[in-house]
Amino acid sequence: MITVNTLQKMKAAGEKIAMLTAYESSFAALMDDAGVDVLLVGDSLGMAVQGRQSTLPVSLRDMCYHTECVARGAKNAMIVSDLPFGAYQQSKEQAFAAAAELMAAGAHMVKLEGGVWMAETTEFLQMRGIPVCAHIGLTPQSVFAFGGYKVQGRGGKAQALLNDAKAHDDAGAAVVLMECVPAELAKKVTESVSCPTIGIGAGVDCDGQVLVMHDMLGIFPGKTAKFVKNFMQGQSSIQAAVRAYVAEVKAKTFPAAEHIFAD
């Protein structure tokens, strides 16, 4: 079974971590069998599964339900579950209560969004036995504050993002996830922190990659993001597509040049 120690050893050995979102047991079992290292029960289910316009309406009850479903299907992969909007920002104690519910539902780690200002919460959780994945850069729960889904950390804002990563690393984060960040900055962050980094639209030099399942299978309606690749193209089955994703992440051929953002 993949653990936080496994991920740390993978970073040290230069072995890339393959992560995908999963929301129910059958896909969790398929991905697990195909060699996916980490399954993310993401609040992206609000858009990918529930048909909402953002992740904000997703509830803790929703997250616990889908975490339970994924936990029934996965045998080897690590399960990371998102703390949903409004379930952890008010206080460290609120965050712990919500995280405890997700862990009881079958999560092995929880993910929270935010920079330096959330590092204290990261420390509070990890000191109480809950591993934390800190999501920085483009954080979808703050999409309305950002004014849309935009690349983060460009130009003069690069140092602030690096500070975010270091703050969470110092606080004991098990993983730092970067979304929509210039590739060179993501590389610098990865080299600057002791914990593994996972990228989505953050270049090939992160310690691992993640995509939303619906995106990598080409079944998400509407325009796809620059960092997305449809792995179903040329494949005969969903399992073959997932295996292709894992293989390309491990071989460092995904993401390619067309999937990354420059400064």
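Any Cβ shown, glycine's included, is placed from N, Cα and C.
Quick caveat, the model's predicted, so the values are computed rather than measured.
Annotated features, as they stand in Swiss-Prot:
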{"type": "BINDING", "residues": "ASP43, SER44, ASP82, LYS111", "note": "3-methyl-2-oxobutanoate binding site"}
{"type": "BINDING", "residues": "ASP43, ASP82, GLU113", "note": "Mg(2+) binding site"}
{"type": "ACT_SITE", "residues": "GLU179", "note": "active site, proton acceptor"}
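Projection of Swiss-Prot feature records onto the structure.
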residue : record                               : Cβ contacts under 8 Å, 6 or more apart
ASP43   : 3-methyl-2-oxobutanoate binding site : THR55, VAL58, ASP62, MET63, ASP82, PRO84, PHE85, PRO140, GLN141
SER44   : 3-methyl-2-oxobutanoate binding site : THR21, THR55, ASP82, PRO140, VAL212
LYS111  : 3-methyl-2-oxobutanoate binding site : LEU40, GLY42, VAL80, SER81, ASP82, LEU83, VAL132, CYS133, ALA134, HIS135, LEU177
GLU113  : Mg(2+) binding site                  : HIS135, ILE136, THR139, PRO140, GLN141, SER142
GLU179  : active site, proton acceptor         : HIS135, ILE136, GLY137, LEU138, THR139, PRO140, GLN152, GLY199, ILE200, GLY201, ALA202
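Neighbouring residues of the recorded Mg(2+) site, listed in sequence order and excluding ASP43, ASP82, GLU113, comprise GLY42, SER44, THR55, VAL58, LEU83, PRO84, PHE85, LYS111, LEU112, HIS135, PRO140, GLN141 (Cβ within 8 Å of the Cβ centroid).
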